[in-house]
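Listed in TrEMBL:
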type     : residues : note
DOMAIN   : 13-70    : domain 'O-methyltransferase dimerisation'
DOMAIN   : 135-324  : domain 'O-methyltransferase C-terminal'
ACT_SITE : HIS248   : active site, proton acceptor
Amino acid sequence: MPDADGEELKAVLESYARSRLLMEAVRLGVVERLSTDRAVPVRPLAAELGLDPEMLRRFLRALATLGVVELRPDLLTGDAAALTGAGGLLRRDHPRSLAPVADFCAEHGWPAWSTLGTALADGDRLSADSPDNPFAVFADDRVALDRFEAQMVRAAERYAGAIAAALDLPPGTSVLDVGGGSGPVAAALLAREPKLEVTVLDRPYAEPGLRRYLGARCPDGGWDFVAGDFFQAVPAGHDLHLLSRVLHDWGDRDADRILARCAAAARPGSRLAVFEKTLPAGGAADPGALADFALSDLNTWLMCGGRERSREELAALVGRHGYRVLDQLTIDPRHVLLVAEHPGRDA
């Protein structure tokens, strides 16, 4: 009789193969050359991609077991392949493309997780001052930056509208989007209220991507970019400082540095909004949410030395810098928008 627990654990242990199949289907350009409308013969496809035709057929057969492609006439003898609807999500031209996720996992996630054993022994991980922190290399590696930004934009667009709706800012509000990257949250804020004044603060290397992104989505303006380092200084004069999925990239020491700069720039009554993945109040979470939180916590630690935090930990973190928490708005069961007020620098 099969051992259900053993089979489940075995499937988890072997899941690396499934993940790698999808990454390579994207990296090699296989999905870009397939279509949901017609089947493409394997041999010409192999010649176009520079791959061995028999190994490509076997590769496509494995992808078919994941529901990504369909081999025709059948799984065992098929010599032509078509994309399924799910497989279409891996194409770069799909409006909800997962190709940036596959790129990021292959180039950053896979190598980072291979260091887990060493990292557990070392304890402390990367910090903002580490020369090999991934954020430090983007200025000199445009390919890595573009790959990272594509993934971050793809992720942020899923919740940017909900953040804008939860904040519901009145016209004329001045917002500083701290570490806002290419500006997906800024775009959502302006889509909801075009008369906001939104400034994105980020490293100089983020500016070209931001101007392309916001220029296309917010052609009427209302936004600006300021080059800077939020570990060194945050511009003053804004009604709201927004940190959207920024603090989780950093351990407590570096997160404290960011919040200290925000507090130093605060004026009486100015607010801070922090959007993060978290757990429901009191830690009561369904198993799926808890697993997502725990794995994301380790992932951000391995990637850049960061961590996920509970609602209580987030509140304590901002409270250390003089902020008074006004509300913790549930964006969805796994994300919270913490809103806090600062008495100002002279309080």
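In case you wondered, yes, glycine gets a Cβ from its N, Cα and C as well.
A helical conformation is recorded for HIS248 (active site, proton acceptor) in the three-state DSSP classification.
Applying DSSP to the domain 'O-methyltransferase dimerisation' (13-70) sorts its residues as follows: 38 helix, 4 strand, 16 coil.
Using a 10 Å radius centred on the Cβ of the residue listed as 'active site, proton acceptor' and all shown protein chains, the other Cβ atoms total 23.
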